[in-house]
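As C-alpha cells, the structure follows; a few thoughts come after it.
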Amino acid sequence: MKRSTTQILTRLRELMLRAQVGDSCGISAYIVPSDDAHQSEYQCQHDERRSFVSGFDGSAGTAVITTETALLWTDGRYYQQAEKQLDSNWVLMRDGLSATPSIGAWLAKNLPKGSFVGVDPRLLSFRVWKPIETELSSAECQLVPIEGNLIDEVWGEDQPPQTSNKIITLKLEHSGVTIAKKWDVVRQQLKEKNADALVVSALDEIAWFLNLRGSDIDFNPVFFSYLIVTNDELLLFVDSGKLPTDFVQHQKENNVQISVLPYASIGIEISKIVSTRESKIWIAPTSSYYLTALIPKSRRIQEVTPICVLKAIKNDVEIAGFINSHIRDGVALCQYFAWLEDQVNKGAEVDEMSGADKLESFRSTKDKYMGLSFTTISASGPNGSVIHYHPKKETNRKINDKEIYLCDSGAQYLDGTTDVTRTLHFGEPTEFQKEAYTRVLKGQLSFGSTVFPAKVKGQVLDTLARKALWDVGLDYGHGTGHGVGHFLNVHEGPMGVGIRLMPDDPGLQANMFISNEPGFYQDGEFGIRVEDIVQIVPGQVAHNFSNRGALTFKTITMCPKQTKMIKKELLSDAEVKLLNSYHQQVWDTLSPILSREGDEFTLSWLKKEVQPI
C-alpha cells in the first residue's frame, strides 16, 4: 500500500536549503539511514525515520533525498515490498546488483562539484560513513554532519515519543556468568591492546554484559543506553528512572559496582577520557560516526568488541536454556500446525493474521515465555514470495488448501530465543513446488550435516545450502544463516553465513548458535523456506584439519518438515536417513510432553508428520 510522501519531501527540501554547514547554508542531499543512535537492526517507532520519509517499512534500507530526486537503497529481501510501498516520488535502487551504484558513487556522479551531503552523525556508523566520504571527496563533494535531525523537525509533534521502559534483571540461573567474570575477560583483552577504555553502543552487548534486559524496542529485550568499560569502572549511561528496583542487589550478586550517568552525557564522558588519559580507546567500527569522531584517530582501536564475541559463544547455562526453550517452542509449533491443518481441512476461515495470532496464543502458554522475537511472517500463496512479508489488513490472505503457506516465527523466553520457518501445503502441491521444496531441503540437510575446520568463516559454507538449487538455475536472495541471541536479538553477530563476507566474522566456533535457512521464492506465486537453529559442536572425522579442530552442526529446533512436499527421488539415501533421523528425534523429544499434557490431538498429528519416507 502506497502513501503519498510529497508533502514530507517538500518540507524536508525546505529544511535542506537552510541547513547550516560551517559558515555556509544549504545541503544538496540528505541521507536517512534505517539506524537509531545505536545502529540497531530494528528500531522503536520514534526512530523509524526512513520509514516515515519514504513509506517503505522494511527493516533494511537507506533513503537519499536530493533537491530533485528521492532514492531508496535496499537489498534483495525487500525488492518486492519496496515496489509496493514506494510512491511515484521515489526511485528504487536494488542494492546488491552489479548494475546498482553505491550511495556514494551515485551522489558523486549526480551532484555538482562543491556540494554538501548532510546526515545525522549519530545515525550513521563510522564503517558506512568513511566509504561515502571517500567517494564524495573524489568528486570534490563533502559528507557533513548535521546537528539536529531534519526528519524529526519535519515529523514534529506527530513523531512517537522515545520509549523508556523499565529494565529487568536476568538472574544467574538464566545468564550463567556474573558480570564480574565477564569484566575479567574484557580487562585482559584491554590490557593486550594497551587500551584504557572500551566504548559500547550496541544495545544487545550492553544488556548481555550487565545481565539486564529491557523492552525499549519491540521484540528485542534491550534498553537505550551506552556503556564504558575501564579497568576499574563500569559507566552505564541510561535514564536512571528505568533501573530495576533490585538494581543494588543485582550488583551485589554480580560482584560489581556500576556508576550510572545520564544517557545524553556519553559524548562528554568520552571527551573527558580522551583528555585525561593517554592510552588507546576501543570502539567498534559499527559505532556511530559521532561517537568515533570524538576519539583522535591515533588513539582508536576500531575492532569488533570483545563483548560481541563473548556473547556469541554461549556458556553452559545459556546452551541448556537454548535447548529447553526450543523444545517448548516446538510443542507450540506442533499444536499450531495441527490445529491449522484441521481448520483448513474443515473449510474454516483462517487468514494470515488470525493464524499468526493463534500461534502466539499457543506460545504464550509455555513456561518462561516473554513475547515474540519478531513479527510473525504468516504468508499464503503469493505473499510468501515477499521474503520478509508481514500480514496487514490490506494484504491479509486466507490460508487454504490451494496455496503454499510459509510461516517464519519466533519467541523470546527467559532462557533462550527461537526462530523457525516451516513451509506447508494443505492440498496438492505442483511438481515444480515439490521440486523447489526438495532442493531447498537438500541444501538445508547438506549445510546442517557438514564438518568444517574451526574458525572457518561462515561465507565459506554458504554454497553448501545453495548447490541443489544452483544445479537447476535457482537461488534465493538472502543469507543462509545468522547468529541468535540468548533472550536477546533474534539476529546477532559478529558471525553469519551468506554470499558476502561478514566484515567482523571471527570464524565459526563451538557453542555459537546460528540459523540454517535456505529458501526459494517464485515472484507473485509462492515462497519456500525451511529454517532451523543449529548449535556448533565438535565434529567427528578421521583427521583434525592439522589440529585446527573439527566442527559440525546440531539442530535444536524441534518441529517436523512436511514430507508431502518432498520428491523423494531427488534425495540421496544419506539425505533420507538424515531426515528420518531428525524426525525420530522430534518424536522422541516432543511426544512424551504431549502425552503428559494429554494433547492427543497434536500427538496424532505429530505421529503422522514424522513417519519415515
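Including glycine, each Cβ sits where the backbone N, Cα and C put it.
Annotated features, as they stand in Swiss-Prot:
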- R77, H388, H482, H491, E517: substrate binding site (BINDING)
- D408, D419, E531: Mn(2+) 1 binding site (BINDING)
- D419, H482, E517, E531: Mn(2+) 2 binding site (BINDING)
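Locations of recorded Swiss-Prot features on the structure.
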residue	record	Cβ neighbours (10 Å)
R77	substrate binding site	21
H388	substrate binding site	17
D408	Mn(2+) 1 binding site	25
D419	Mn(2+) 1 binding site	23
H482	substrate binding site	24
H491	substrate binding site	21
E517	substrate binding site	26
E531	Mn(2+) 1 binding site	22
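Within 8 Å of the Cβ centroid of the substrate site, not counting the listed residues R77, H388, H482, H491, E517, the chain contributes I387, H478, G479, S515. Ranking the binding-site residues R77, H388, H482, H491 by the distance of their Cα atoms from the Cα of D408 (Mn(2+) 1 binding site) places H388 first. Listed in sequence order, the residues I377, S409, G410, V420, T421, S515, E517, R529 complete the 8 Å Cβ shell around the Mn(2+) 1 site centroid, once D408, D419, E531 themselves are left out. Nearest to D419 (Mn(2+) 1 binding site) in space, judged by Cα atoms and limited to the binding-site residues R77, H388, H491, is H491. E531 (Mn(2+) 1 binding site) has its Cα within 10 Å of the Cα of these binding-site residues: E517, taken from R77, H388, E517. Mapped onto three states, the DSSP output places R77 (substrate binding site) in helix. The Mn(2+) 2 site is defined by D419, H482, E517, E531, and by the 8 Å test on Cβ atoms against their centroid, the other residues of the chain that qualify are D408, V420, T421, G481, V484, I514, S515, N516, D532, I533. Under the DSSP three-state reduction, D419 (Mn(2+) 1 binding site) is assigned to coil, being neither helix nor strand.
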